[in-house]
Amino acid sequence: MRYVGGRLQLLDDLEENKIDLKNPEYLVKYLKQHEINALLLHASFLGQVDAITGLHKCGADLNHSEQGKGLTPLHLCAFSNSLEGIQYLLANGANIHLERIHTPFHYAAFGNAFKVAQYFLQLGVSQKSPYGEETVLHTAAKSKAYNVLKLLAPHNHTLDNLDCNGYAAIHHIADKGDSACLMVLLDAGCKLDLMTKKGDTALHLAAEASCVENVDLLVERGANVHLKNHRDQTALHIASRSHSFECVEILLKKGGCDPNIEDSDGRTPLHLALGRSLLAYDVTELLITWKANINKTDKYGYTPLHIAALNELSQCVDVLIQHGADLSARTKGGTSALSIILRKTPTSLNVFKQRLDASIMLHQHDLATGEVELRLDFHPLLMHQQQGEIRYLGTFVKEGYKEILEHPLCQAFLHLKWQKIRKYYVGRLVFYLFYVLILTGWVMTALAHNCYNESHGQLDNTQPPLCANTTGINGFLYRHPALLEVEWYALMVLTILEAFRKLTSIPTYPSVRQFFTQTENMVEWCVILSVFATSFIYTGRTYTWQSHVGAFAVLCGWSNLMLMIGQLPIFGAYVAMFTSVQAQVFKLLLAYACLLVGFTASFCVIFPRSKSFSSPHIGLIKVLVMMTGELNFEDLFFPREEDGKSIDSTSWILLQVSAQLSFVLFLLFVTIVLMNLLIGIAVHDIKGLQKTAGLAKLVRQTKLICDVETALFLGLMPKRLTKFLRWTALLLPSPLRAVLTVRPLNPRESRLPRDLLSAAHKIAKDRKNMCGTLYSRKSNATTYTYLKSEPYSTFRRRSPDEDVFIDDHSIKEELSELKKICERNNQLLRDVMMVLVNDKRVVNEEEDENN
C-alpha cells in the first residue's frame, strides 16, 4: 500500500471488517483504483473470499500484481490455501499463466496449501517455472511443505531434476532437518546418491547442516558414504568439519566410513575436526577411538597436532599427545609441532611428561623376598626409528624444550644409547688425532725447519741451514728425504678422507649455507684447504709463506680437536666453561677497546724510543700484555743510555711527570679494575654453568649421538655394511624389544646408574600409590623428582606436597564461594518470606473490613 501511495489504515480496516463491501458505489467514490487493487491483494493473502468478491465488484483488477515480485491475487490465494478464492478468481478471468519466476502453483507449495495444490494438479497446471528456475517440487522441498510433497512426489518425473542452482528436491530437504519430508522423497523413489553441480550428495548436505535424523535415515536407506564432492571430501569430512558428534558417530558405526580417507589436500576427517570450536574435542576423541591416524600429514606437511596447536585447542592437543602424536613432525616449511605447542599451548606438554611417567612401570613378583622389577618402555621416544633412534629427542633440543631430557626415562635412553654409539665417536676422535699429528709433523719438519728444501738441495744462501746440522728426527728426515714425501702423501690421503666425510654430512643440515657458515665446519675446511696450500707438488719446493699458513692450520686443527673432545660427556663441562669465558672476554675487550687504544696512543707518544711502542700495532699488543701484569717498569722509566749519551734533564723531568701519571692511570683502570672485572665475570659464568651442568651434559650428549647416528645412516654405504651398523649402533634394532627390565633394589644391577634407578623407581612407586585416587581430567599436574646427583637440576617439577597445597588452596576458595552463595540465597529467601507475610496480612485486613 505504501509503494502505491495508498493509506495503510485501509489494510487494518479490511482485517477488522470495517469496510462496507456491500456498497460498491460508495467505495468507488471513497477509494482510489490503486487502493482497491492493493486491498484485493491483501484480501487474497488473508483468504477472505467475500472481500475478494466485493472488491471485484468495485472494479478491482484480478490480474493486478505488486511491484516487488509481481505477485497477483492468484499467488496470494494459493499461498493462503484459499481454494474458494482461487476458484472465484479463475472463474472471473484471472490469468494463471502470467510469466513470473514463481507461478501460483509454486506459492501453493510455499504455503503448504494442500487443497490448492491438489486443485492445480487436477487442472493440469504446469509445475515448471516459466523461466526454468525451479519446479513446484523444488519449492515444496525448500519450504518443507510436507502435505504438498506427499501429493506431488509419487510418480513425479521431475523428482531428480536439478534447478538453476544445481540442486534437486532431495538436496533442498536434506539440510532442513525434516526427516518426514525426506522420507516422502525416498519413498517416492528419489535417487539417494544424486549429486549437485558441485558434487555434493544429500548425505554431504545433511552432514554439513548437522541434521542427525536425515543422516541416519540416508545411511539406513543405503546412501553411499564413500562418495566425494568436488574437493574429494566424503560426508565424514563434512560432518567432522561441522563438529557434529552424532553425525560422525552414525557415519562411523552404521556407515562404515574410513576415518583415514583423504581429500584433495590430503587431509583426513581428523584434520577438519580440529577447527576452532568448543565441540572439536568430542569429535576428535571419537575419531581417534575409531583408529584415525593421528600422525597423517596433508600435502603441506601439517599433521592434526599442528592444526590443533595453531587453533589453540589445548584439550585436543592433550588427547593427541596422549595417543602418541608426533611432536617432532615438521611441515614442508620446516615448522615443527613442538614449536607451535611451546608458543600456543605450552601446558599440553605436561601430558607428554605423563606419558613418560606411565612408561615406567613397577612390578613385584615375590613379596617375601621384596624383589621388584622396573620396566622402562621406550616406545614414546621412538617416533622415527627408521631415521635413527635419537632424532625425536634431538628435535626437543633444537626447539628449546631441553628440560624434558632430565626425565629418568630420557636419561636412561641416552645412557644406554651412548654406550652403543660411543665406539664410533671414539674412532672418529682417534682418526682426527692421527690426522692432526701427521699435519703437525709435516709443518714442523718440512716447513718450519726447511727439511724438504734442504734435503733436496734447494738451499737459501742468505740463511744458515736448520735441518742439516741437527740430530734426531730432523736429521733423520734430512738423510732420508723420501720419508718426507711419504709423510705428505699420507697427509693427503687423510685429508681427502676427512673432506669426503664432511661433504657427506651436508644432507644432515637444513641448507648448504648453514653447513658452510657453522664455526666448526669453517675451522675444519680451513685445515683441509691449508694442507693443499702447503704442498711441494706445485713447484717442487716449499716457501716461507707456507710455514705461516701451516702454523695457523696446526692451531686450527688442535683447537678443533679440543672442541671434539669437549663433546664427550665427561669433558663437556670444562670445554663449555672455556668457550663461555672466551665469549665474555671478547665482549669485554670490545666494550673497552677505546680505552685500550687511548692508552696505546698515549704510550707511543710518551715512550717514542721504546721498541715496544715504536709502532701502534706493536704498542697495542704490548698494552694487552701489560694487562696481564707484565709491566716492565724498569725498562720504561729507567732506559739505558744510547750511544754513550745520557738523557738530558728536561726529557727526564717530562718522563717522570707525564709517563708516571699515564702509567698509574693504566695500572688502576686496566690492570686492576678491568682485569678483576674480567675475572669476576668469568667466575660468575662458571657458577652459572655449574648450576645447569646436568642439563647441559644431557644436551651435549643428545647432539653428539644425533650427529654420529645421522652420519652412520646416510645411506651412502653398501646395504650389508649399513645393516651391520644398524645392528651395532641401534639400541633397539627391533621395535618389539623397546622395553628394558631392571631391578632397582638389586646392588648388582649395573646397566643404569644408581641415582637414575632411584629416580625412576620413585616415579613408578608414586604413580602406583596414586592409582585409584580421584583424577581430574582438566588437571595436567604430574609428579616428578630430582636426581640426587644433580642438585642444580633445572627441570620444572612439582613435589607431592606442593600438589597437596595447591589442591587444598583451591578447595578452600571453592568452599568460600559456596558459603557466600548460600548466604545470599538465605537472605533472598528471608526477603521473599517477609513479602509473603505482609501480603497475607494485607489480604486478611481487607477481608476483615469487608466483613
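Glycine residues also receive a Cβ, built from the backbone N, Cα and C atoms like all the rest.
TrEMBL lists 433-692 with the feature domain 'Ion transport'.
Residues annotated as repeat 'ANK' in TrEMBL: 69-101 (among others). Tertiary neighbourhood of the repeat 'ANK' (69-101): same-chain residues 40-41, 43-49, 52-53, 56, 62-63, 107-108, 110-116, 119-120, 125, 129-131, 133, selected by CB-CB distance under 8 Å and a gap of 6+ residues from either end.
Sequence annotations record features per position, and here TrEMBL assigns repeat 'ANK' to 198-230 (among others). Counting only same-chain residues 6+ beyond the ends of the repeat 'ANK' (198-230), those with a CB under 8 A from a CB of the stretch are 166, 170-171, 173-179, 182-183, 186, 192, 236, 238-239, 241-242, 244, 246-247, 250-251, 254-258, 261, 263.
Listed as Cβ neighbours of the repeat 'ANK' (231-255) (distance under 8 Å, sequence separation of 6 or more from its ends, same chain) are residues 201, 203-204, 206-212, 215-216, 219-220, 223, 225, 261-265, 267-270, 272-273, 275, 277, 279-280, 282-283, 286-287, 290. Per TrEMBL, repeat 'ANK' is recorded for 231-255 (among others).
If you look up TrEMBL, you'll see 265-299 (among others) marked as repeat 'ANK'. Tertiary neighbourhood of the repeat 'ANK' (265-299): same-chain residues 231, 233-234, 236-237, 239-241, 243-245, 248-249, 252, 257, 259, 305, 307-308, 311, 313, 315-316, 319-320, 323-326, 329, selected by CB-CB distance under 8 Å and a gap of 6+ residues from either end.
According to TrEMBL, the feature repeat 'ANK' maps to 300-332 (among others). According to DSSP, the secondary structure content of the repeat 'ANK' (300-332) in residues is 16 helix, 1 strand, 16 coil.
Feature annotation from TrEMBL assigns transmembrane segment to 429-449 (among others).
Positions annotated as transmembrane segment by TrEMBL: 521-539 (among others). Residues 439, 442-443, 446-447, 452, 488, 491-492, 495, 498-499, 502, 515, 546, 549-550, 552-553, 556-557, 559-560 of the same chain lie 6 or more positions beyond the ends of the transmembrane segment (521-539) yet place their CB under 8 Å from a CB of it.
Sequence annotations record features per position, and here TrEMBL assigns transmembrane segment to 551-576 (among others).
Here the transmembrane segment (588-608) has long-range neighbours at 614-616, 619-620, 622-624, 636, 655, 658-659, 662, 665-666, 669-670, 674, 677-678, 681, meaning same-chain residues at least 6 beyond its ends whose C-beta is under 8 angstroms from one of its own. The transmembrane segment annotation in TrEMBL covers 588-608 (among others).
Sequence-distant neighbours of the transmembrane segment (661-683) (same chain, 6+ residues past either end, Cβ-Cβ under 8 Å): 581, 584-585, 588, 592, 595-596, 599, 602-603, 606, 623, 626-629, 631, 633, 636-637. Among the features that TrEMBL reports, transmembrane segment is placed at 661-683 (among others).
Secondary structure of the repeat 'ANK' (69-101) per DSSP (helix as H, G, I; strand as E, B; remaining residues coil): 16 helix, 0 strand, 17 coil. Counting residues 6+ beyond its ends, the transmembrane segment (551-576) has Cβ neighbours under 8 Å at 418, 425, 428-429, 432-433, 435-436, 439-440, 443-444, 448, 520, 523-524, 526-527, 530-531, 534, 689-690, 693, 696-697, 700-701, 703-704 in the same chain. On the 0 to 100 pLDDT scale, the repeat 'ANK' (198-230) averages 91 in the predicted structure. Residue counts for the repeat 'ANK' (231-255) by DSSP state, with H, G and I taken as helix and E and B as strand, are 16 helix, 0 strand, 9 coil.
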